[in-house]
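Below you'll find the structure, written out as structure tokens, and then a few comments.
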Amino acid sequence: MGLDTSESQPTFQHTWRIRCIFAVLCIFSFLGALDSTIITTSLLTIIRQIGGEEQLYVWVAHSFLFASTAPQPIFGQIADIFGRRYPFLVCITCFALGSGISGGAGSAAMLIAGRTVQGLGTAGLFVLSDIIICDIVPPRYRGPYLSAVLSTAGIGSTIGPSIGGALAESSWRWIFYMNLPICGVGFLGTLLLMNIEEHRPRHITLRQVDFFGMSLFVVSMIALFYGLITGGIQHPWSSWRVILPLVLGTCGWIAFHVFEASRFCGIPSAPPRLFLTRTSVAGFLMVFFSSVVFQAIAYFLPLYFQAVRLASPLDSGVYFLPFALSFIVFAGFAGWCLSKWGYYVPLHYAGFGLLAIGMGLFSTLTQSSSTGYWVGLQLLPSAGIAFIFTATLPSTLAALPEKDVAVATAMYSFIRAFGLVWGVTLSGVVFNGQFDANIGLISADNIRTLLKGGAAYSFGATSDPNAGIRALDGAIQGQVQEVYVKALRVVWLVIMSMALLGFVCVPIERQLELRTESEPTTSSDTAD
């Protein structure tokens, strides 16, 4: 296939301007990921200070999730119409505005509104960052850049709870206010530097925008996410409050794709051709399954540390650092391999293989597991996720023309985010079911009543170091720990099956040559 021939010698130059643009993208990738988790340890402090109904505060997190996920495919078409720089500036402004509103919130409603605006900006920043990298870096050399952006996001999401908890001790408002000067610097850098060569069609006008399709998609995703996130937590899965939005959301999603393929849709925001090549379809499937695994690890490994190892919330974040920090190393290695040889299929095989092995070994974790054991185990899924996340976007785009970079990247980003939602939902359903199935091991009736019905996660992962499982008496505490171990064991095995499904998807894709030069642009915007 000539993947490393003399015709494919490097021609791409890492100029100072590209490095500066890349630094801006990393900064906002870090900020967006940081703000997705930063309030988890500070929410109780916020509740005490601004008051309001406690039920509303669930939506402080949910509003950000909805706004940062559902609109992602829209930004692909926005980037094709308006270019990359100006939408990116608007998203920075939204993120800063949302941060200011959240920081100045005097009520739960105002905080939710601020988090929604902040999430909308984050959605655009995530999608446009990937699109911009694909514009300025040829396919063969995108791996290191994508891996670095993902690494900064991984660090942000990992340290978010620790930073949020530390800032909440002095003033929780600085959790949001600290974003403002960084946004100002990033805005200026984007304005001055991001005059980039873009691969977008020239014929799209505002009148041809897929407004109906976009609206249908966003409404459907909000309904679907509402059902997935509240099911088993705020309402039982059998409740009509969960079933109805799930059904409506699924039907709406199907209707969206039917409309996109119909003659009534002029220029679709999710063109059916994205799903007609086996390599791009395999890429979408692989990023979905790997995202499910990643989010399950991010949610339930800290629970193991807190509920089984009796670590404090801060210590739990420290214990998770082997995963986060090794991800940087493995992602850099995967990016280097991709740039050097251009082979992405071996990275996918290795990635899902390591994920499956790692999840299988996670099921052996108990109260008595040594520090060296649980530290070493984190390296396996960290390497697997790093290999997959680094190599899937280049492989997904390899089978598609450059004119589809924006819409394909936006769809890829959405599917990745959708997988994260499913990672929480699937693992949460399994955990709650297994915990209730083994709750008879706890001899105290009052503790069984306290923990059943989906309350075990919040009990084990409480941000109060003097509450939850750490406040129980020795004998009861040991019984509760044992139930957590049994429930988590099944979670890891189910998540292992997701990794195996991803492994099965790898043979679907073809190994295509990754170009060392970008195709000629059709945009009127040119590089300096």
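Cβ from N, Cα, C; glycine included.
Those TrEMBL annotations? Automatic predictions, nothing curated.
Feature annotations, courtesy of TrEMBL:
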type: DOMAIN; residues: 21-510; note: domain 'Major facilitator superfamily (MFS) profile'
type: TRANSMEM; residues: 21-44; note: transmembrane segment
type: TRANSMEM; residues: 56-76; note: transmembrane segment
type: TRANSMEM; residues: 88-113; note: transmembrane segment
type: TRANSMEM; residues: 119-138; note: transmembrane segment
type: TRANSMEM; residues: 145-168; note: transmembrane segment
type: TRANSMEM; residues: 208-228; note: transmembrane segment
type: TRANSMEM; residues: 240-259; note: transmembrane segment
type: TRANSMEM; residues: 280-305; note: transmembrane segment
type: TRANSMEM; residues: 317-338; note: transmembrane segment
type: TRANSMEM; residues: 345-365; note: transmembrane segment
type: TRANSMEM; residues: 371-393; note: transmembrane segment
type: TRANSMEM; residues: 490-508; note: transmembrane segment
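Same-chain neighbours of the transmembrane segment (56-76): 32, 35-36, 39-40, 43, 46-47, 87, 108-109, 111-113, 115-120, 122-124, 126-128, 131, 214, 217-218, 221-222, 225-226, 229, 234, 269-270, 406-411, 413-414, 417-418, 420-421, counting only residues six or more beyond its ends whose CB sits under 8 Å from a CB of the stretch. Tertiary proximity for the transmembrane segment (240-259) is limited to same-chain residues at least six positions away from its ends with a CB under 8 Å from its CB atoms, namely 212-213, 216-217, 219-228, 230-231, 234, 265, 270, 272.
For the domain 'Major facilitator superfamily (MFS) profile' (21-510), the model's average pLDDT works out to 88.
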